[in-house]
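Copied from Swiss-Prot, the annotated features are:
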BINDING   170, 171, 172, 173, 174, 175, 176, 177  ATP binding site
SITE      363  site 'Required for activity'
């Protein structure tokens, strides 16, 4: 028989008491009252913050948006098919974040940073809040460096600077995305990190864009954030903020970044859907009252930082789709008032064969002229005016039968300028080529060339400069100026190419 000694028992109990550590865990828990249409109403969650992430029993994450007296309205970031009435919900104590780092470059991610390209996990170095405050006035510098798009019509007449917000607006199928993609392609070798945010687009369209970027080597400096049409409205609403957070990571490291939001109309529609389901009062066009703030807080994050903060920049190119050219609708007017200018694409011009279909009359850049390179500023001053006058005269000439010689000359010049600015997709021009093309048109050096030969003249001139006058390209590209020596070289090249074109006609 084993004898039990009381002192042994007491020492064991004492030992266990010493080892016991009281770990009190307080959790903020609620109960699902109702779920459906991507919205959950939750009872409890007394301590929840606005915008805080909440976790449901089945692992689905949501964001608490409506904090009411007796319940919390949360939007789901997944299907949420297994969430049941009466199941528990936990508050996480975190606001939505995205993992960021250099490893994101070249990848396709969801608005929450999950990889979508099948290339494995992303080794992120830190997390950034998806919504973060915009830089203040002291933290900024005025826009003074050019962001070349490679599209002659834009760089000559509607120049964009680093840190600017320039809206691309137009009807569907007018080439809005094409301009954005061309701008990304033109950043090759410029040490600019590009972020392309696809909101509510077809997965096939996004796949095509990624393929174009990969083929032309642009994916090496681009991050794609995709919230496709099949994704919940919550992810489509978050996608632009996630793109801005990724760009901010690089901007605060002193890099130049370019963000394209394609397009913010779909984000506004996703937000309207969420707001109506949350029973928020509808306003104009059934959008909620804070839809202006939705876009302003996003676009204000674009900035050119002061030298004290590293001098990085974030240039934003938001895209807005209009209905039948109506720029006075609610969302277009909101975004026009927030941005520093707009590039308006017209379906009439597009259908008439002018690509890119930029309506020069109502397109404007409010701050970009300060950033325009001297070479193109020197020669493109009159270009916008001449094209605007040509549009007026062309409308008038339809009714007038006999026109005086000066008017005929002006119409002829305008037609040739129009042809000069035509540019095929995915073929951005370098600065020296743009200078050459605009110079030839503005100085009247192609007035004798037939209109149908102008496109041939442009391609001939580009190849001639590359092969026979490389010193002109070198001079303009390095100094960003058109001095007398470079101008003399350019005149020779234009005369030579013109002679060849006229001889062949």
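Glycine too: its Cβ is placed from the backbone N, Cα and C atoms.
Structure coloured by features recorded in Swiss-Prot.
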residue	record	DSSP (3 states)
170	ATP binding site	strand
175	ATP binding site	coil
363	site 'Required for activity'	coil
Integer Cα-Cα distance in angstrom, residue 173 (ATP binding site) to residue 363 (site 'Required for activity'): 18
Recorded positions compared (173, 174, 363) - the one with the fewest other Cβ atoms within 10 Å: 173
Cα-Cα distance linking residue 363 (site 'Required for activity') and residue 172 (ATP binding site), given in Å to the nearest integer: 17
Sorted by sequence, non-170, 171, 172, 173, 174, 175, 176, 177 residues with Cβ within 8 Å of centre, ATP: 321, 345, 347, 350
Among 170, 175, the one of these binding-site residues whose Cβ has the fewest neighbouring Cβ atoms within 10 Å: 175
Alpha-carbon spacing, residue 177 (ATP binding site) to residue 363 (site 'Required for activity'), which is rounded to whole Å: 17
Same chain, 6+ residues apart, C-beta under 8 Å of the C-beta of residue 171 (ATP binding site), given in sequence order: 321, 322, 323, 324, 325, 345, 347
Length of the line joining the Cα atoms of residue 363 (site 'Required for activity') and residue 174 (ATP binding site), in Å: 15
Cβ atoms near residue 172 (ATP binding site) (within 10 Å, other residues, all chains): 11
